[in-house]
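Lifted from Swiss-Prot, the feature list:
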{"type": "BINDING", "residues": "93, 128, 161, 163, 188, 258, 259, 260", "note": "carbohydrate binding site"}
{"type": "DISULFID", "residues": "200-237", "note": "disulfide bond"}
{"type": "SIGNAL", "residues": "1-38", "note": "signal peptide"}
{"type": "TOPO_DOM", "residues": "39-313", "note": "topological domain 'Lumenal'"}
{"type": "TOPO_DOM", "residues": "335-348", "note": "topological domain 'Cytoplasmic'"}
{"type": "TRANSMEM", "residues": "314-334", "note": "transmembrane segment"}
């Protein structure tokens with residue numbers, strides 16, 4: 001038998017429900033803030049960042065390298081450990097890479113990289129370093145820190161070994177950046193100097209505290225900063241305006257060793273979407289591009305390779321070449337006979 005509740009009974013029940021609802025909302029808010037999914041204001045002005053989990057990687061690295069559903073792929077000698085992902089061990093002639101499977105279509109973003117480089121080698125007897133990529137192609141092994149040469153996109157290099165002889169202008173390890181449209185080669189013998197956008201010294205080997213690198217791309221402005229002093233403070237390294245990067249490229253990181261070696265470890269990669277205000281003029285200027293470039297920096301234009309000839313086209317070329325050759329021979333014989341006839345008439 002149902003018991004009727006008076007006005008005071010309904011009020012008490014409604015108040016209890018309201019309290020439970022409010023508690024649930026507060027718990028949900030705390031969970032979101034604790035997981036990093038909520039927006040966070042960064043810098044001056046109306047700029048907020050949102051963690052994008054589909055482009056981020058952190059411990060415990062579940063499924064990386066083993067599951068087909070993982071958002072990240074391993075390549076080469078890269079291996080998953082409990083506390084980090086090792087791109088290359090401290091052994092000669094190794095290379096490895098870690099690539100995101102999801103293309104990034106964000107307009108403005110910030111990538112925070114937590115890494116560690118360490119090994120047994122003494123001064124200038126270690127190498128070669130690691131690279132962070134935002135490129136059109138992924139999973140393409142090659143000579144540029146374990147990735148393909150003539151890449152299309154952005155490469156940021158943490159170079160630990162000076163290849164150029166009599167190098168006195170810069171101290172290694174050295175961070176540099178390069179934008180490529182697929183037409184440029186990375187010059188190992190000169191440590192990439194002919195094509196670099198800028199760089200700075202970064203003493204990152206065999207440190208006993210965490211080392212971080214951040215790559216920020218906002219309003220076609222590329223900024224690279226580092227936190228390598230154990231002070232939890234970002235220090236400027238590279239700042240380049242007018243950098244045009246297409247959307248839909250892939251994030252990755254790679255490393256390579258040669259005669260010299262090091263352990264190259266990645267602890268985490270965290271990508272944040274940055275929301276920034278744009279004026280109508282900026283909206284017009286910041287339209288999507290289809291090929292990487294840098295304002296006021298001339299990159300060689302890509303020349304499309306000629307398409308291969310079809311079988312019919314090749315047959316026609318050979319056929320008409322033979323016809324032309326036969327025609328030329330016949331004309332030559334006729335002219336020669338006429339010349340001989342004229343020569344006989346002169347003597348008789």
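Quick reminder: no glycine exception, Cβ is built from N, Cα and C everywhere.
The binding-site residues under consideration are 128, 259. Their Cβ neighbour counts within 10 Å are lowest for 259. When the recorded positions 200, 237, 260 are scored by other C-beta atoms within 10 Å, 237 scores highest.
Sequence-distant neighbours of residue 93 (carbohydrate binding site) (same chain, six or more apart, CB under 8 Å from its CB) are 257, 258, 259, listed in sequence order. Averaged over the topological domain 'Cytoplasmic' (335-348), the predicted model reaches a pLDDT of 65. Within the same chain, the residues at least 6 positions away from residue 161 (carbohydrate binding site) whose Cβ sits under 8 Å from its Cβ are 124, 126, 127, 128, 129, 172, 260, listed in sequence order. Between the C-alpha atoms of residue 188 (carbohydrate binding site) and residue 200 (disulfide bond), the distance comes to 17 Å.
In this entry, carbohydrate is bound by 93, 128, 161, 163, 188, 258, 259, 260, whose most widely separated C-alpha atoms sit 16 angstrom apart.
For the recorded site, residue 237 (disulfide bond), the DSSP three-state label reads strand.
Between the C-alpha atoms of residue 163 (carbohydrate binding site) and residue 200 (disulfide bond), the distance comes to 16 Å.
The number of other Cβ atoms within 10 Å of the Cβ belonging to residue 258 (carbohydrate binding site), over all protein chains shown, comes to 14.
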